[in-house]
Structure formats: structure tokens, C-alpha cells
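K.L.:
I am attaching a structure below and will ask some questions about it afterwards.
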């Protein structure tokens, strides 16, 4: 569930600002403006520090947000650890031994609660804002984040397995998957542009580099085979494009040259020149938020209060 797209992706943006006051049932960019004005600067500072130490971490946080939103909405359910009553999404196929950045979110939560004087900012909002700040830290665009989400009291590994898009999906399956989240084809391409950042495990692209022919550059396939054998090495990493730590247009250029690492990415070739990354990130961030008295504000993002 990674990734400025120039630049191809960023014209004609319309960002809507809601004016509801703090703790109303609506999302608003000003939700914490009066109750904790230092919250957002604190999130930004911790994210910048984390990315400065390891640029890949920005990609990991963006991916956490994506995988969170696709399972019952953006409610921080992905952050919950396994318990007798919580079916943790961390062990779902797309996340197991792959999702990372949880310690950074823990640190952000601790620092934010410290400056706010209490646990007032939800883990769901922290993850959403941290994803935006990660993109910015890696050279991408910024946008105004709607705030006021609350945290889930449940998680579902089964639903994560069903709802997080698979790297093996064909185009029609991807379109249907995004449609189920209220997202359209433009959103699909724009959000997939997040793959300008980060890496993929060998197990997710092995079939493509050994068994696909018409849709993959042969030299590129052989290059990837050197680090991804036919058997074994499932967790070996390969970059999703040539500049995995920078938010740029290399991802889309690769698709034109049949050098998309994942089968699902190469399927996007017909619609590569999207302009809507920011709008689609805002749209995804607003998938089924818990507000008002729904859910809770977790003290520890990993477990229920």
C-alpha cells in the first residue's frame, strides 16, 4: 500500500477548505488550529528527521497511509498490533514483512501528545499528515490535509487481503478495486504514481521478469533477474524506478519503455499522463473517516485504549 510528478501531475489543483470548528463531525484543515497549533509542525519535524536519516522511510510512511485507507477507510487500523480481539492487518499479504515505519509513527504520536499536553490528535490524522510530509520531504508537492479523523477500534487482516490492490492485478481488476473505494481511473493512475518512490520485493515481480515477454523490455528483465532468482530470494529488493528516493517522473517514463517493475504498474500504460496526484491523495485521505463520537483517539497507536 510509495510516490515532482511534475510536474506532469500537478496542474489545475482545486483544494477545498472546510470551515467546521474543532471536534465537529466534519473534517477540516483547521481542526487542531486552536486546541493544539503545534501539532502539525511537530509531525513535519519528526518526519523530516526520519527521512533525513533514511530516505526510504518517507516511502514507507506513504505506503502505510495507502494501505490503511484501503481497508475500512483512513482510520489507523493498520497500526494495531495482534491481540486476542484484534486481527492485525500487519500480517496481511501486502504488509507482512513489508510494511514499515511504525516506530516513526510512534515517535510522532509521543512528540505530538507532549506539545499538545494530552492525547488529542488521532493516529489516523498523524498518519495522513505524515504521508503528505513524507512526499514533500522527498521533493514532491504539498497539499492541505483535512483533519478530524478518529481511530478505529477494530482491524481486519482478511479485509486487508481482499482490499489492498495486488501487484499481480490486471487493469480491469485494478479499476474495480479502486472503484470499490470511490476512486476512479484518474485516481488509479495518479496514486500509482507514488511508485516513483521505493522498492518492491522479488516475490511481487518474479513472474513478470521471467514469464512476461510482450509487455517488458528484455534487457530490463535480465537486469532484474540478477537480483531475483527463479527460486528463493523472495524478499530481495529492487527499486520501482531508477530514483527510488526522489519524487520525479521516472516511473511514468519507465512505463512507456516497458520497464515497469510490477505487472500492475505496466497495465497503466494507456493513462500515464495524469495531472491529479494531489487531488487523488486528498480524495483517498477522505475515504470513510471516523468522526464525531465514532471510534476513539488512541493513546498508543498500536493498541486500543
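Every residue gets a Cβ built from N, Cα and C, even glycine.
Below, the features straight out of TrEMBL:
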type: ACT_SITE; residues: 67; note: active site, proton acceptor
type: BINDING; residues: 68, 71, 73, 75, 77, 89; note: Ca(2+) 1 binding site
type: BINDING; residues: 165; note: substrate binding site
type: BINDING; residues: 195; note: heme b binding site
type: BINDING; residues: 196, 241, 243, 248; note: Ca(2+) 2 binding site
type: DISULFID; residues: 36-116; note: disulfide bond
type: DISULFID; residues: 69-74; note: disulfide bond
type: DISULFID; residues: 123-301; note: disulfide bond
type: DISULFID; residues: 202-228; note: disulfide bond
type: SIGNAL; residues: 1-24; note: signal peptide
type: SITE; residues: 63; note: site 'Transition state stabilizer'
K.L.:
Could you work out which of the disulfide-bonded residues (74, 202, 228) has its C-beta surrounded by the smallest number of other C-beta atoms within 10 A?
P.N.:
202
K.L.:
In the same chain, which residues outside the set 68, 71, 73, 75, 77, 89 have their CB within 8 A of the centroid of the CB atoms that define the Ca(2+) 1 site?
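P.N.:
Neighbours found: 67, 69, 70, 72, 74, 76, 78, 152, 155, 160.
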K.L.:
Would you find the one among the binding-site residues 68, 75, 89, 241 whose Cβ has the most company, meaning other Cβ atoms within 10 Å?
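P.N.:
Checking each of 68, 75, 89, 241, the winner is 68.
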K.L.:
Quick one: Cα separation, residue 36 (disulfide bond) versus residue 301 (disulfide bond), in Å?
P.N.:
19
K.L.:
In Å, rounded, how far does the Cα of residue 77 (Ca(2+) 1 binding site) sit from the Cα of residue 241 (Ca(2+) 2 binding site)?
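P.N.:
Each residue's Cα considered, residue 77 (Ca(2+) 1 binding site) and residue 241 (Ca(2+) 2 binding site) end up 29 Å apart.
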K.L.:
Who sits close to residue 123 (disulfide bond): which same-chain residues at least 6 apart have their Cβ under 8 Å from its Cβ?
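P.N.:
Looking at Cβ-Cβ distances below 8 Å from residue 123 (disulfide bond), excluding near sequence neighbours, one finds 76, 79, 105, 109, 151, 298, 301.
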K.L.:
How big is the Cα-to-Cα gap, in Å, between residue 68 (Ca(2+) 1 binding site) and residue 165 (substrate binding site)?
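P.N.:
Cα of residue 68 (Ca(2+) 1 binding site) to Cα of residue 165 (substrate binding site) measures 12 Å after rounding.
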K.L.:
Given the recorded positions 36, 71, and counting only Cβ atoms in the protein chains shown, which has the most within 10 Å of its Cβ?
P.N.:
71
